[in-house]
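Noted in Swiss-Prot for the protein shown:
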- 45-76: topological domain 'Extracellular' (TOPO_DOM)
- CYS54-CYS192: disulfide bond (DISULFID)
- 177-207: topological domain 'Extracellular' (TOPO_DOM)
- CYS187-CYS198: disulfide bond (DISULFID)
- CYS271: S-nitrosocysteine (MOD_RES)
- THR275: phosphothreonine (MOD_RES)
- 317-332: compositional bias 'Polar residues' (COMPBIAS)
- 317-382: region 'Disordered' (REGION)
- THR326: phosphothreonine (MOD_RES)
- 362-374: compositional bias 'Low complexity' (COMPBIAS)
Amino acid sequence: MGDWSALGKLLDKVQAYSTAGGKVWLSVLFIFRILLLGTAVESAWGDEQSAFRCNTQQPGCENVCYDKSFPISHVRFWVLQIIFVSVPTLLYLAHVFYVMRKEEKLNKKEEELKVAQTDGVNVEMHLKQIEIKKFKYGIEEHGKVKMRGGLLRTYIISILFKSVFEVAFLLIQWYIYGFSLSAVYTCKRDPCPHQVDCFLSRPTEKTIFIIFMLVVSLVSLALNIIELFYVFFKGVKDRVKGRSDPYHATTGPLSPSKDCGSPKYAYFNGCSSPTAPLSPMSPPGYKLVTGDRNNSSCRNYNKQASEQNWANYSAEQNRMGQAGSTISNSHAQPFDFPDDSQNAKKVAAGHELQPLAIVDQRPSSRASSRASSRPRPDDLEI
């Protein structure tokens with residue numbers, strides 16, 4: 001027969017995108033069909049017409065009797081069977097190549113969007129859409145293609161068509177030949193003058209090969225049915241698993257992420273904290289009574305108290321004249337208070353500081369005590 005290398009290379013690529021049952025089916029196809037057909041079976045049927053003899057001298061009688069007994073050669077019939085049962089697998093391979101081509105386009109587009117993202121362009125929605133498309137096509141990391149969606153449907157359809165072709169060819173073979181060969185065939189057909197007997201060479205050997213190919217066809221059909229049930233139950237299992245842990249819940253393509261890592265501090269001004277009512281370092285049993293954070297008087301108090309605190313601190317440092325004892329900027333901590341209309345303005349320019357986590361229990365200095373005891377015209381009455 002002809003060269004099977006082209007078909008073999010194509011079918012070999014399917015193994016990377018098939019299930020375990022599909023790989024076994026391909027092994028059976030390669031070893032017990034293509035290899036056996038190209039070596040032993042072809043030599044056994046090589047002289048089928050030349051060794052076909054009839055007990056008549058009438059010209060043309062042997063030809064018409066051979067045509068009646070064997071409308072198509074067994075070898076050519078099995079070649080057609082292999083081609084037909086391989087076509088659905090090749091169509092599935094074409095779908096895999098289509099998905100891989102889609103993957104290349106999506107990866108290229110994703111790289112372009114990431115380059116635009118580095119320039120400050122907001123492309124988060126487009127990147128999420130690309131992730132959804134990859135999931136839809138069954139594309140995973142490192143170029144791996146998972147059987148999902150349209151690819152899974154194509155695979156199931158290919159299994160169904162392979163099974164149908166196997167059954168159809170078995171029925172056709174049984175209708176034309178049966179599953180055994182006789183040593184003598186009786187023929188009565190023009191131009192034969194009368195009923196003649198025709199003799200077949202090596203009928204027992206050919207019958208053994210026919211039975212062997214029949215068993216291989218039945219094994220392939222059984223593998224197709226088993227694989228069909230396996231893919232069906234695996235799809236149901238993945239669907240149930242997907243409902244319990246859906247894709248959008250794990251990736252969240254359109255839902256904004258929540259920032260749960262913000263620090264929580266206590267505010268000792270009678271107003272509520274923007275993040276938490278109590279400091280994580282507060283002693284056990286400690287409770288802080290806070291006011292309503294939406295209260296306008298509370299917000300005004302926050303701003304005025306912050307300005308007054310910094311004014312008192314600057315005046316105290318100026319009176320002391322001790323530049324070496326000035327607290328470094330890394331240890332200074334302003335107060336941060338919520339504002340529903342807009343973010344709180346920075347009080348000290350160039351210093352982005354954090355709110356106090358705990359109350360400083362150190363005693364006040366003597367200069368600070370004298371400075372704080374003097375009344376100032378701009379002091380707040382609290």
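In case you wondered, yes, glycine gets a Cβ from its N, Cα and C as well.
CYS192 (disulfide bond) falls outside any helix or strand according to DSSP and counts as coil. Every protein chain shown contributes to the tally, and the Cβ of CYS187 (disulfide bond) ends up with 19 other Cβ atoms within 10 Å. Here the Cα atom of CYS187 (disulfide bond) is found 9 Å from that of CYS54 (disulfide bond). Rounded to a whole value, the Cα-Cα separation of CYS54 (disulfide bond) and CYS198 (disulfide bond) is 4 Å. Straight-line distance linking the Cα atoms of CYS198 (disulfide bond) and CYS192 (disulfide bond), rounded to a whole number, equals 12 Å. Packing against the topological domain 'Extracellular' (177-207) from elsewhere in the chain are residues 44-45, 47-48, 51-56, 58-62, 64-66, 68-70, 74, 214: each is 6 or more residues past its ends and has a CB under 8 Å from a CB in it. Long-range contacts of the topological domain 'Extracellular' (45-76) within the same chain: residues 1, 37, 176-177, 185, 187, 189-194, 196-202, 206, 209-210, each at least 6 residues beyond the stretch ends and with a Cβ under 8 Å from a Cβ of the stretch. When Cβ atoms from all protein chains are considered, those within 10 Å of CYS198 (disulfide bond) total 21, not counting its own. For CYS192 (disulfide bond), the same-chain residues lying six or more positions away in sequence with a CB closer than 8 A to its CB are CYS54, THR56, GLN58, CYS61, VAL64, CYS65.
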